[in-house]
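What TrEMBL annotates here:
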- 20-40: transmembrane segment (TRANSMEM)
- 52-72: transmembrane segment (TRANSMEM)
- 84-106: transmembrane segment (TRANSMEM)
- 118-137: transmembrane segment (TRANSMEM)
- 157-175: transmembrane segment (TRANSMEM)
- 241-266: region 'Disordered' (REGION)
- 288-311: transmembrane segment (TRANSMEM)
- 331-349: transmembrane segment (TRANSMEM)
- 361-384: transmembrane segment (TRANSMEM)
- 396-417: transmembrane segment (TRANSMEM)
- 429-450: transmembrane segment (TRANSMEM)
Amino acid sequence: MESVSVQNQTKMRSTREDLVLSILPLLKLICLTVIGLILARPRTQLIPKATFKLLSKLVFALFLPCLIFIHLGETITLKNFVRWWFIPVNVILSTVIGCVLGLLVAKICRPSPEYFRFTIIMTAFGNTGNLPLAIVASVCHSAENPFGPECNKTGTAYVSFAQWVAVLLVYTLVYHMMEPPMEYYEVVEDGTEIQEQVSTTTNDLSRPLLVEAEWPGMEDRETEHCKTPLIARVFQSASSLSQSSIPESDSLEERDPATAPRSPKSLRCLAEPRMVRRIRIVAEKTPLLHILQPPTFATLLAFFVGMVPPVKSVVYGDDAPLSFITDSLEILAGAMVPSVMLVLGGMLAEGPTESRLGIRTTIGIVIARLLVLPLVGIAVVYLADKSNFLIPGDQMYRFVLLLQYTTPSAILLGAIASLRGYAVREASALLFWQHVFAVFSLAIYVIIYFKMLLSYV
């Protein structure tokens, strides 16, 4: 009887310790967010919005690149690059599954037709960058963390390794899915000029903080067709739109009529099939060059330095000749997590904006993104583990994969909405409510993940 009692007490103590280990990291992040919320509170506004926007730019241009370069570069090798293949694949899988859930939400909740694609993409694309990095850093902050002494370095490397494919998805799938519907525009007689009906804001300080919270300066990188329904115009049926009205990639440029017939591009367009021509036009107008931002450069540089041993030995390590540079960058990287959470608090302090999305659709997206998708993620990671796709015995690897299904929609979607001039208020309101309820959903699922992963340790 005594041995049974001792075993029960041990189990209770173990369960209590697991709860503490899983809850404390989130409580730390919540405290940082609350501090940001208090500082940005509109009534007191101890720190103005301009300061929060400047802080978000520092995160984007300095703190985050330093964090990526320090931890990813030190951990990555050619062997690890191959072993970690499932991380970017998992980002794509989570997005595809999210699209399916978003389609179900749109079919069940029946939002206004203009928000059909918006509902799908807001359910599909989660935060794979700043928030997972903050969670990993908070989990690994304690010396008693269950993932070992290399917890922070490996966890940050895993999250950073996923960012390049996430950014690529943003400027391809997300960019075109957030295209304004044709109902927002008026096609004039010649079919080549489109008059925008949505008013855009030019004052930087009047825009919501979420526009600058994760990808500052995105709206300053507007392209020629970023606020027009390009795909809808290009792929519209010939019965409603003539072939001549399909916008060419250089249609707005002045050309000499005498030289136009001899233009190689004109001859190519005459020779190529109509579908190929349409796909080419859309591809040419996809702003892929915009992915070349400081975090992307930091990732590419980390790949180069980390996978070339002679260069790596000069940069990383206590005895490396350039160790003083990496030490300086590591000090700057330490400011990343608190800054991100302060900016998130400032964003939440603005409160929800008016939205025409509808309560039913908003609730449907929140439930699908925060409650249903993580359950599917558990099944995906479990099947991948059973199929020997994952690194044996690496629980942090599995934790990062699970987090990719658990976070709320990416704040970056608010910036994309603003860039494309479409559903900005709806994105702001939805992101606000998602992050509020994510406090509870993350707490629940982090407890579940810890219970699952620690049982194998």
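Cβ atoms here come from the backbone N, Cα and C positions, even for glycine.
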Highest-contact recorded stretch vs the transmembrane segment (288-311), from 52-72, 84-106, 118-137, 331-349, 429-450, CB pairs under 8 Å: 52-72
The transmembrane segment (396-417) in contact with the transmembrane segment (118-137), cutoff 8 A, at least 3 CB pairs, sep 6+: yes
Recorded stretch that, among 52-72, 84-106, 157-175, 331-349, 361-384, has the most CB pairs under 8 Å to the transmembrane segment (429-450): 361-384
Long-range Cβ neighbours of the transmembrane segment (331-349) (under 8 Å; 6 or more residues past either end): 29, 32-42, 47, 49, 52, 55-56, 58-59, 62-64, 66-67, 70-71, 130-131, 133-134, 137-138, 208-210, 213, 411, 431-432, 435-436
